[in-house]
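See below for the structure under consideration.
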Amino acid sequence: MTAPENLDAALRPKTLTEYVGQEKLKDKLGVYLQAARGRREALDHTLLFGPPGLGKTTLAHIIAYELGVNIRVTSGPAIEKPGDLAAILTNSLEEGDVLFIDEIHRLGRVAEEHLYPAMEDFKLDIVLGQGPAARTIELPLPRFTLVGATTRPGLITAPMRSRFGIIEHLEYYTAEEIATNLLRDARLLGFGLDEEAGLEIGARSRGTMRIAKRLLRRVRDYADVAGETTIGLERAQSALDKLGLDSAGLDDRDKKYLETLIHRFAGGPVGVDTLATAISEDALTLEDVYEPYLIQLGFIKRTPRGRVATAHAYDHLGLPPGGIDDGNGIFLN
């Protein structure tokens, strides 16, 4: 059997041409890659940021493939000490290779400081011994490209940010872009997917390719059990409804967020910590998981005084703007 992560890797586009969406970023990245190839140089260090599941890891692999080099994948939490970093830089990289660090904002501070000369001068300072007898030796490194990915760019320190020559933001995908990608996946996996069904899955995927691919697998499960070799619109709608996703892609947790904000806090403003406590979540989860998509839909606003529900949120939940149904047909402000 093929594990989902191996399946995702097999379906991952290898080139910028195969990659669907992020058109502005692709245009710029295409120029940078062509220039680097023409000069036979490593690509400038690149920082990719945006919500989870938008393709930062995929783009890192595409960069390596387009440059014809190897990629070494690690994550910020895995690099706690300078020794962890030294092992990666000295044992795993060859000239021009790509080092991809996911969640780079979680890189240990001491390790981060040792990364600066590696990024800037392609050298690594190693301290041998302790106390007065300690001495520093300088190890030359191959010229490599660091690709960092983060969902929290505000946590990237200024010294680290300044060492990236390319900094790009990934946007949410349209339903059409997601459908195009899902149709490709279905073709590669050998089952049918109607375009309307692809659009339906795309519309309920929170603009996120990773979620769309997960939903496609679940919808396919329902189709397989029903003995269907092609996923049509009705099957997609039925399966997605059973998965608890509404027409905008909101699940029960998203609705709980909005309903708590509206019913318990009169639509806001309310602080994120208070709201998190009310729905038994932590504030970081709200900020990283729930809120980006709700803001994208125009359902909430972040204000200096706290979170506020918009008229679109009331409308989506079937409530008149600014009012709350008390259960007796009376709307309270």
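Here the Cβ of each residue, glycine as well, is placed from N, Cα and C on the backbone.
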Record-annotated ATP site (Swiss-Prot): member among R163, R217, R218, R220 besides L11, R12, G53, K56, T57, T58, E120, D121, F122, Y173, R210: R163
Candidate binding-site residues L11, T57, E120, Y173, pick with smallest Cα gap to R302 (DNA binding site): Y173
Helix, strand and coil counts within the region 'Small ATPAse domain (RuvB-S)' (174-244) (DSSP): 51 helix, 4 strand, 16 coil
Of G53, E120 (the binding-site residues), the residue whose Cβ has the fewest other Cβ atoms within 10 Å: E120
Which of F122, Y173, the listed binding-site residues, has fewest other Cβ atoms within 10 Å: F122
